[in-house]
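To keep things clear, I will list the structure first and then write my remarks on it.
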Amino acid sequence: MLYPLVKKYLFSLDAEDAHEKVCKILRTLSKSSFLCSLIHSQWGYKNPKLENEILGLNFPNPLGLAAGFDKNASMLRALIAFGFGYLEAGTLTNEAQVGNERPRLFRHIEEESLQNAMGFNNYGAVLGARSFNRFAPYKTPIGINLGKNKHIEQAHALEDYKAVLNQCLNIGDYYTFNLSSPNTPNLRDLQNKAFVNELFCMAKEMTHKPLFLKIAPDLEIDDMLEIVNSAIEAGAHGIIATNTTIDKSLVFAPKEMGGLSGKCLTKKSREVFKELAKAFFNKSVLVSVGGISDAKEAYERIKMGASLLQIYSAFIYNGPNLCQNILKDLVKLLQKDGFLSVKEAIGADLR
């Protein structure tokens, strides 16, 4: 496998420069259905035991790529070819924005973690929608992650989310409202019952597609449960837990700005998800993300109540064979415990 050599080269570069080089290649690959088929024949994996219908969407497997990798929905076709069961594009904002100053993406190699302070850099919802439609329809469900523009005052946040959702109504299979990025000033302050209630009441009037809320891992558990309950009562179909953490004690040499993801987040994200699932399993679709890098951890989250999973940092550290490795081993774990499908295993620890 060539990835160790490729990784060595990429990791010799600035983290964002390396990401941009990879994205350029993936955008080129996305233009060719033949090359995407070739990639899928090498790194894809299909097994009916992993298929599941959730909220009317057919997922070939539960493993998705989290938002932030493909910010402008420009390389979805190539990413699907690597075996993901679904993708989440974005974060898109209503207006284009450049994000925070560089450097703003860092590696913590010993901890197999990343720290990003990107700040929702994207081309804006109009160009994002145009990019999405270039190769639509897609072979797997695609979510659209929506954020607030940095210059928008808190008092006008609801209008801004309404505007970005309106621009994206004709793309994607579900929408995720991102109130939990630590890289937009005061964004996390919107994680409160009143705003979340207004947000989802507004959104459900605009679309019948599934709506998700992505939450931070740094909330007090009681506060998190109250916010999630408010979202569900107002019309949220699912909860994605968790976003990156601002707990800098989790790595040896943290940077001043940015949220941490990867293996350093595994324990914290798992603990938050466990409390979430105890309260809301069977009441909402639960998606677990944060520090998942192998089949064992993926399986644990599924048994804890996750219908779907997302990865990001592990894809950077482990390369294009990661999905295939996780999915193959996940099937073995399901078989070992006597489950006929992944659907049977969801929430097994809660029964």
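Placed from the backbone N, Cα and C atoms, the Cβ positions cover glycine too.
Site annotation (Swiss-Prot): FMN is bound by Ala67, Gly68, Phe69, Asp70, Lys71, Thr91, Asn145, Asn178, Lys214, Thr242, Gly291, Tyr312, Ser313, and the candidate from Gly128, Gly259, Gly262 recorded at this site is Gly262.
Asn145 (FMN binding site) sits 7 Å from Asn178 (substrate binding site), counting Cα to Cα. Each of the binding-site residues Ala67, Ala117 was scored by how many other Cβ atoms lie within 10 Å of its Cβ, and the smallest score goes to Ala117. Taking each Cβ in turn and tallying the other Cβ atoms within 10 Å, the top scorer among the binding-site residues Lys71, Lys214 is Lys214. For Ala117 (substrate binding site), the spatially nearest entry among the recorded positions Ala67, Phe69, Ser181, Gly262 is Ser181, judged by CA separation. Cα-Cα distances to Ser181 (active site, nucleophile) place Gly119, Asn243 within 10 Å, out of the binding-site residues Lys71, Gly119, Asn243, Gly262. Looking at Asn243 (substrate binding site) and Phe69 (FMN binding site), their Cα atoms lie 14 Å from each other.
Rounded to a whole value, the Cα-Cα separation of Lys214 (FMN binding site) and Gly119 (substrate binding site) is 16 Å.
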